[in-house]
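Right, one structure below, let's go through it.
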Amino acid sequence: MSILISPSNNTGWGLRFPSKMFGGAKKRSDQHPVRVRGHYRAPWGAHKRGRTGRTTVDDAIDAVVEEARNYTPTPPPVSTVDAAIQTVVRGARRYAKMKRRRRRVARRHRRRPGTAAQRAAAALLNRARRTGRRAAMRAARRLAAGIVTVPPRSRRRAAAAAAAAISAMTQGRRGNVYWVRDSVSGLRVPVRTRPPRN
């Protein structure tokens, strides 16, 4: 292993320039000894070139940076005027919603003056809701038996009015209404059960 003994910052062996071999002398002598150890490079980080230690200014800067990092903005002051306005708006919306609900319920339960057929159809549906399917069929047969004496044109009008009333009353209820021709009177009557297919 060769040893680098050039005094010119480790840039060469000094073979082309013999004057660099012995510290500027042409030949080695006691007045110009060769310092091999002094020309080795120091390990990395041994010489801190231009770097100084921490000062009080660095501590102050670090304190400011830490305070800025931990900064939490204060919430804005609560405005009582905005809170009052929001309360009034919420109350107005609640009142309007309640009025809409009441109007909807009143429209649903509004009683329209109807004909005898419409009242009979309403009574039939109410009775069917109370007593079940078999009672509904019995009530339909009784209703059909009672309408036999109505003249033909009035009978058609009454049937149409009853159908309209029944369809209007059964819109919000689940289930189907089947129109079945009664074998006794020959009229179509509403039933809840599906008739058998012949």
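Cβ atoms are placed via backbone N, Cα and C, with glycine included.
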Problem set entry | motif 'Nuclear localization signal' according to Swiss-Prot, located in which of 23-33, 100-110, 188-198 | 188-198
Seminar exercise, completed: the motif 'Nuclear localization signal' (188-198) resolves under DSSP into 0 helix, 4 strand, 7 coil
Exercise. Can you tell which of the modified residues (Thr55, Thr74, Ser183, Ser185) has the fewest other C-beta atoms within 10 angstroms of its C-beta?
Worked result: Thr74
